[in-house]
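Straight from TrEMBL, the features:
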ACT_SITE  D39  active site
BINDING   G12, A13, S14, S15, S16, G17, K18, S19  ATP binding site
Amino acid sequence: MVERAKIIFIHGASSSGKSTLARAVQAQIGEPFWHVSIDHIRDSGTLPTERFRRGDFRWQEYRARFFEGFHRSLVAYASAGNNLLLEHILEEPGWASELAMMLQSFDVFFVALHCELQELVRRETLRADRPIGSATDDFHRIHEGQRYDLQLHSGQAVEDNAAQLISAWASRRSPSVFEELALEARSRPAYSSGL
Ligand SMILES: Nc1ncnc2c1ncn2[C@@H]1O[C@H](COP(=O)(O)OP(=O)(O)OP(=O)(O)O)[C@@H](O)[C@H]1O
């Protein structure tokens with residue numbers, strides 16, 4: 001029988017330190033987790049990034065199907081029993097509920113990684129490999145009204161955050177935020193009527 005996959009979902013603005021934290025957790029946690037991120041797809045050359053930049057293709061035309069495919073890939077990995085350390089940004093308001101529904105048969109632990117705006121802008125400027133302004137846009141949008149199983153602040157040392165995350169994850173409780181979100185989504189009239 002396939003073991004129920006565990007998913008640790010780190011949610012934070014661009015440059016908040018998600019990858020850095022995910023790597024630290026992956027290095028210390030007592031079970032193997034696959035670190036999954038849009039960054040890996042982009043950096044592997046999967047997408048014809050340069051051609052999107054040049055304007056040969058319009059990203060807006062392909063964006064929704066790209067993310068839909070990414071979200072479905074999480075279900076595919078987890079269905080096969082793989083534990084995932086997911087770092088992701090919920091860029092669209094409906095994605096939290098959609099993902100909660102898609103991932104409802106898995107054990108999801110939802111973690112916020114907060115960072116001060118000034119520090120986000122400093123990191124984004126220093127690294128120079130992200131569109132300037134992404135971090136600020138995310139900062140103002142992505143955590144609004146969102147509930148989490150754990151909230152961390154990236155002003156703390158990454159080792160401390162990783163240790164705190166692992167310890168909170170080890171004593172996680174049900175219902176998790178994702179279980180609650182899936183329940184809420186199922187009880188909405190649009191879902192029950194199949195629309
Ligand atoms: N706690 C920290 N203190 C200082 N700098 C940090 C910290 N965590 C990460 N950084 C730096 O900030 C930059 C962004 O980090 P990282 O790639 O982990 O962020 P991210 O949230 O995964 O970004 P993105 O979503 O844009 O891929 C990197 O240059 C990293 O070295």
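From the backbone N, Cα and C atoms, a Cβ is placed for every residue, glycine too.
Structure with TrEMBL features highlighted.
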{"residue": "G12", "record": "ATP binding site", "Cβ contacts under 8 Å, 6 or more apart": "K18, E87, I89, A112, L113, H114, C115, D138, I142, S154"}
{"residue": "A13", "record": "ATP binding site", "Cβ contacts under 8 Å, 6 or more apart": "I89, C115, L120, S134, A135, D138, F139, I142"}
{"residue": "S14", "record": "ATP binding site", "Cβ contacts under 8 Å, 6 or more apart": "I89, L120, E124, R130, S134, A135, D138"}
{"residue": "S15", "record": "ATP binding site", "Cβ contacts under 8 Å, 6 or more apart": "C115, L120, R123, E124, R127, R130, S134, A135"}
{"residue": "S16", "record": "ATP binding site", "Cβ contacts under 8 Å, 6 or more apart": "L113, H114, C115, L120, A135, D138, S154"}
{"residue": "G17", "record": "ATP binding site", "Cβ contacts under 8 Å, 6 or more apart": "L113, C115, R123, S154, V158"}
{"residue": "S19", "record": "ATP binding site", "Cβ contacts under 8 Å, 6 or more apart": "S37, D39, E87"}
K18 (ATP binding site), Cβ-centred 10 Å count of other Cβ atoms over all protein chains shown, is 25
Residues within 8 Å of the G12, A13, S14, S15, S16, G17, K18, S19 Cβ centre (excluding the ATP site residues themselves): E87, I89, L113, C115, L120, A135, D138, S154
